[in-house]
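Peer 1: Pasting a structure below so you can have a look.
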Amino acid sequence: MRFQGVGLCLGLLFITVNADFMDDGVEVEDFSENSDESNIKDEPSSGTFKYKTPQPIGEVYFTETFDSGNLAGWVLSKAKKDDMDSEIAIYDGRWEIEELKENQVPGDRGLVLKSKAKHHAIAAVLEKPFIFADKPLIVQYEVNFQDGIDCGGAYIKLLADTGDLILENFYDKTSYTIMFGPDKCGEDYKLHLIFRHKHPKTGVFEEKHAKPPDVDLKEFFTDRKTHLYTLVMNPDDTFEVLIDQKVVNQGTLLDDVVPPINPPREIDDPSDKKPEEWDDRAKIPDPTAVRPEDWDENEPAQIEDSSAVKPDGWLDDEPKFIPNPKAEKPEDWSDDMDGEWEAPHIPNPACQIGCGEWKPPMIDNPKYKGIWRPPMINNPNYQGLWSPQKIPNPDYFEDDHPFLLTSFSALGLELWSMTPDIYFDNFIICSEKEVADQWATDGWELKIMVANANEPGVLRQLVIAAEERPWLWLMYLVMAGLPVALVASFCWPRKVKKKYEDTGPKKTELCKLQSKAALEQEAEEEKAPEKPEDVQEEKKPGEAEVVTVEKEVIGEPEEKSKEDRETLEGQEEVSKLSKSGSEDEMKDADESPGSGDAPLKSLRKRRVRKD
């Protein structure tokens, strides 16, 4: 049981440290066991990788790697946001093309949002518009929150092909077809999938939001790794959202969006009104109830305490606050500009007991009852809650194929963030999953291999965690010391001496007992030398004591020390001498009354010398 308890403690310590690593992103574990990253074998350092700009292997609508080092084809917005001050309404956020801060792949660059707390907007035209018909839509790109993220987004907008789209005027209200990507503020982590659906009768566009993903998104915002975001929308009205090529959300456009695509068949009649005689009161005051005669509604809730007395030393004429006598007028004070200077007020030190007009404290009025109200009873005329009648929805429609959205012709990023250095790379829009997968293999997977090759070992990770949390050093020491202590206690067990209860007197106590008995006998015999009967009677108690002690000592365990054995031998000899002396004295007493002194005295002398 002892080893089981220690093992349990070790397990709890390991779980605690491991959970701490997970929270800090020191070593983030994949949320799926079938991770593609787990299949990537250990590679050498990033300096041995040969990067080649990804090339699409099939038909695409848009690709961008930023490896050229310039923003050719991209247009910075010059628009201003509506309903905002001109100073903060402009899109003046800065964009740069840079390599990753960590785990760089030589030659691989990306688009980086550089400004903090500014509006950013940039867009590029597709090679050809995407028309929703009979081909899937696949949108894929990479994001790395290099400095983490406090509040901001990294989503993209697929701008609607309206015919009058001007990218320099791109702003938050520009018409889009799909908005997709990560967004975070506070502790709210989101992965947006929003599309604008056109009402076939009214022509009004309405935003439809896909249900939230089924996984915890926090690690993708905090681990400072490059993650791959993929959206797949199929002509059969199904969709999938993937992170790092693993599905995190899926469903249908008809059933898994809010609000629903199709409106209700019936709606409340807007012209229907509740009848005046409709009684929807579930409870009413009891009409038969009468206010009691002694009910006084005029009594106040609180009254002055008539038993209160003004404390002695209360100063009625003293103010509670006085000007600070130590305050001085500032040198730069101008009476013309600042007005007449007045010293700040402080509590009056003379008002320790109280100052000003004294008033007795207020107490609850025992006679107070308040306004009388009759008790409530069930309404006999209750008709229930009224609701308007239903009528057919004049705007009802049934869209069985919501995949047929408005075509789009440009991709844009319209973002605001409190954290800079958000990295974007390897955009692709296509219709074939194989094309997108190969694009990810040539770009994103290479970043992952470099990151894995540069990943610190277990010991280094433990040191990094302890540098951020010094208390982990103590846990490491405990975890390292416990196995050593267990091995030591198992291999070199401590010798436990068996303790016996000391039932007999010690050697010194035995000697004292014998000496005391002998002295008492000697004193009594000197007082009455002519009475051998008394000597015999007095000798018996001493003999009994010696015999008793002897029995107790003999009853001890055999594991006695040498000293104990010597004590036993001495006790036996003393007992024998005592017995022989007693017998001799008895015989001498029978022969002559005066002959018992010499043997007794010699016996005492011999016993004392023996001790």
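Here the Cβ of each residue, glycine as well, is placed from N, Cα and C on the backbone.
A quick note: this is a predicted structure, and the numbers were derived from the prediction, not measured.
According to Swiss-Prot, the N6-acetyllysine annotation covers Lys128, on the basis of similarity to another entry. According to Swiss-Prot, the disulfide bond annotation covers Cys151-Cys185, Cys351-Cys355, on the basis of similarity to another entry. What Swiss-Prot records for 267-280 is repeat '1-1'. Positions annotated as repeat '1-2' by Swiss-Prot: 284-297. Per Swiss-Prot, repeat '1-3' is recorded for 303-316. Residues or ranges marked as region 'Interaction with PPIB' by Swiss-Prot: 317-350. Annotated repeat '1-4' per Swiss-Prot: 322-335, in sequence order. Annotated repeat '2-1' per Swiss-Prot: 339-352, in sequence order. Under the heading repeat '2-2', Swiss-Prot lists 356-369. Residues annotated as repeat '2-3' in Swiss-Prot: 370-383. The annotation repeat '2-4' is assigned in Swiss-Prot to 384-397. The transmembrane segment annotation in Swiss-Prot covers 472-492 and is backed by sequence analysis. Per Swiss-Prot, the feature topological domain 'Cytoplasmic' maps to 493-611. Feature annotation from Swiss-Prot assigns compositional bias 'Basic residues' to 602-611.
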Peer 1: Count the other Cβ atoms sitting within 10 Å of the Cβ of Lys128 (N6-acetyllysine), across every protein chain shown.
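Peer 2: The Cβ of Lys128 (N6-acetyllysine) has 11 Cβ neighbours within 10 Å.
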Peer 1: Give the sequence-ordered list of residues that share a chain with Cys351 (disulfide bond), lie 6 or more positions from it, and have CB atoms under 8 Å from its CB.
Peer 2: Leu315, Glu318, Lys320
Peer 1: Given a Cβ distance threshold of under 8 angstroms, which distant residues of the chain, six or more beyond its ends, lie next to the repeat '2-3' (370-383)?
Peer 2: 278-287, 289, 291-292, 295, 297, 301
Peer 1: Please list residues from the chain of Cys355 (disulfide bond) whose Cβ is under 8 angstroms from its Cβ, counting only those at least six apart in sequence.
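Peer 2: In sequence order, Trp314, Leu315, Asp316, Glu318, Pro319, Lys320, Asn348 meet the Cβ cut-off.
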Peer 1: What is the interatomic distance between the Cα atoms of Lys128 (N6-acetyllysine) and Cys151 (disulfide bond), given in whole Å?
Peer 2: 34
Peer 1: Cβ-Cβ under 8 Å from Cys185 (disulfide bond), same chain, 6 or more residues apart: which ones?
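Peer 2: The answer is Cys151, Gly152.
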Peer 1: Which residues of the same chain, at least 6 past either end of the repeat '1-2' (284-297), have a Cβ under 8 Å from a Cβ in it?
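Peer 2: Residues 367, 369-379.
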Peer 1: By Cβ distance under 8 Å, which residues at least 6 away from the ends of the repeat '1-1' (267-280) in the same chain are close to it?
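Peer 2: Contacts of the repeat '1-1' (267-280) (Cβ under 8 Å, skipping residues fewer than 6 from its ends): 379, 381-391, 393.
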Peer 1: Which bits of the chain, at least 6 residues beyond where the repeat '1-3' (303-316) starts or stops, bring a Cβ under 8 A of a Cβ in it?
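Peer 2: Answer is 350-363, 365.
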Peer 1: Helix, strand or coil at Cys185 (disulfide bond), per DSSP?
Peer 2: strand
Peer 1: I'd like the per-state residue tally for the repeat '2-3' (370-383) from DSSP, helix first, then strand, then coil.
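Peer 2: Across the repeat '2-3' (370-383), the residues distribute as 0 helix, 3 strand, 11 coil.
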Peer 1: State the mean pLDDT for the repeat '1-4' (322-335).
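Peer 2: Taking every residue in the repeat '1-4' (322-335) and averaging pLDDT yields 89.
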Peer 1: Which of the three DSSP-derived classes (helix, strand, coil) applies to Cys151 (disulfide bond)?
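Peer 2: Going by the DSSP assignment, Cys151 (disulfide bond) falls within a strand, counted as strand.
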